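Participant: Residues annotated as region 'Disordered' in TrEMBL: 27-55. Residues annotated as transmembrane segment in TrEMBL: 272-293, 313-333, 340-362, 382-406, 439-461, 473-492, 513-534.
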Amino acid sequence: MPAVGSLAPRLRVTDAKRRWRPGMYHHATSIVPEQDEKSRSGGAGRPVATPRESASSPIRPLVLDLDGTLLRTDVLLECIVAVLRRNPLALFSILLWALQGRAVLKQRVARLANLDLTTLPVDQRVVALARAAAAAGRPVVLATAATEELARGIAERFPFISHVIASNAKTNLKGPAKAEALIKAFPEGFDYAGDSAADLPVFAAAETVILVRARHNVVARAKVLDKPTEILAKEHSAAAVWARALRLKQWSKNALVFAPIPLAGALFAPQAWIAASLAFLGLGLVASATYLVNDLFDLPHDRQHWSKRDRPLASGALGIKPALLALPALMALGFGMAALAGPGVVLVTALYVVVTLAYSLWLKQVPIVDVSMLAGLFTLRLLLGVVAIGAVISPWLFVFSFALFLSLSSAKRHTELTRAKIHGVSLRGRGYQALDEPLLLGMGLAAVASSVLILILYLMAEGFRAGHYTAPGFLWCAPVIIFLWQMRIWLLSQRGVLDDDPVTFAIRDRPSLMLGAALVAAFLAAHLGGALPWPA
């Protein structure tokens, strides 16, 4: 087998281990030590052929693709998102570079991206295969269409990688170009692990094919080659991954759209429920799109977070490309639903998108402003319901909503700070420090008291006088229940056992569900209790 350095001059092959330091990465292990002379001779002076010395059975190198194989992501798209994260207006430059060719685009965005290569998600099954190959004395080669600089930096994470073959400013090492380069480098044959249709020419040239999370059509086309094939299938179903990426569980927050219906006395008005349902669906679809934007721009921080690292985009379970393709579709469907509910619903939904994007891109890093924005977004959901059903709601309720959700938003940040202290890490991507925990606690508890007081004032000033309540006395249960629930949230937050999102936590928390059921029962009793045959 010729030396790897004998590749065509247009391609560079670099030693990937010269800058790696042992112990740098938690999942990296050292290569099996070379045998000493005694063990190599069988202990009695008799020569024993090592894998590299055996002429009868040459050792085939294991060649790994990078994007979608060793890594559970696409490095080029990671670079593009990183550039846009710093400067959204760079989109125009990216389009210009793309017109000059893919090789130029890769080189330009790689220089500007400044990616943290140590946090890019890895397929541990491929790592295990590569480690085993290296332990058996087989060369492990990283062959990728990514730029040489990025490929070399990524290879430093893995001590089992002996060489790197990558693209340069003139050549995009993909498909037939990669197959040609590998045939020249390893004329005696090689095994190849890849994932996409672009790898089919390489699969055709390889001795053994390893398919990593490949699509069904790629698997079918690879099997036609009639080569020894190993399949590493996707770990999760696409439906489950998309459900998590779109945060379908978070749609429960959008139930605030229905809150104005009982408050406006329209509990038995079908048109109100239809309009609110359309607004709910429209907001849900649009909100899911904004969640994708948020996750794309938060990738570096999410990957260093104790729970957010498991999100589909951060973990690589969902690729960046399908997420980008889903964005316009979700927006179009969402605003289509909103349009069916009326022009006012479209305007409020658009305002929600603007505020959400401003929060995701800039304001989430500004202390106090971030929790205020979150509280405002919850209140916008309430406003959307009001506009959808055409109701006139007391301003007291909007003030109450802001105070209530300011408390919950503060609990969200307080939980993150508390958990960061427990895990001994800093809270990345946020403007808070560990010293700010008492401030958030005080602000949150003040918001609890304010929300309960405002609700009581509303009930005394307007609630009990509303004509649609037949037994308004039951409304006194509301401030008590809301106080108990908020204090439970804060108690768990202070203990460090609350999940990141209090609202999501409440859906799974039995005491919270019981308090929610009691609140609904209180409002139903206030509406219908006067018609019941109470004993004299």
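Every residue gets a Cβ built from N, Cα and C, even glycine.
Annotations in TrEMBL come from automatic prediction, not curation.
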Participant: Do the transmembrane segment (340-362) and the transmembrane segment (439-461) share at least 3 Cβ pairs under 8 Å, sequence separation 6 or more?
Facilitator: no
Participant: Quickly jot the same-chain residues contacting the transmembrane segment (272-293) by Cβ under 8 Å, restricted to those at least six beyond its ends, or write none.
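Facilitator: Distant Cβ neighbours of the transmembrane segment (272-293) are 245-248, 250-251, 254-255, 257-258, 260-261, 264, 266, 313, 323, 326-327, 330-331, 333-342, 345, 349, 352-353, 356-357, 360, 381, 384-385, 387-391.
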Participant: With a Cβ cut-off under 8 Å, give me the same-chain residues at least six positions beyond the ends of the transmembrane segment (313-333) that come close to it.
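Facilitator: Beyond its ends, the transmembrane segment (313-333) has Cβ neighbours at 68, 71-74, 77-78, 81, 121, 123, 235-236, 241-242, 244-246, 285-286, 288-289, 292-293, 295-296, 298-299, 302-303, 305, 353.
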Participant: Residue list, the transmembrane segment (473-492) vs rest of chain: Cβ under 8 Å, 6 or more residues beyond ends.
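Facilitator: For the transmembrane segment (473-492), the far contacts come to 404, 407-408, 411, 414, 441, 444-445, 448, 451-452, 455-456, 459, 463-464, 498, 502, 505-506, 511-512, 515-516, 518-519, 522-523, 525-526, 529.
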Participant: Please report, as numbers and ranges, the same-chain residues at least 6 past the borders of the transmembrane segment (439-461) whose CB is under 8 Å from any CB of it.
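Facilitator: Residues packing against the transmembrane segment (439-461) from afar: 368, 371, 394, 396-397, 399-400, 403-404, 406-407, 410-411, 413-414, 417, 432, 472, 475-476, 478-479, 482-483, 486-487, 490, 493-494.
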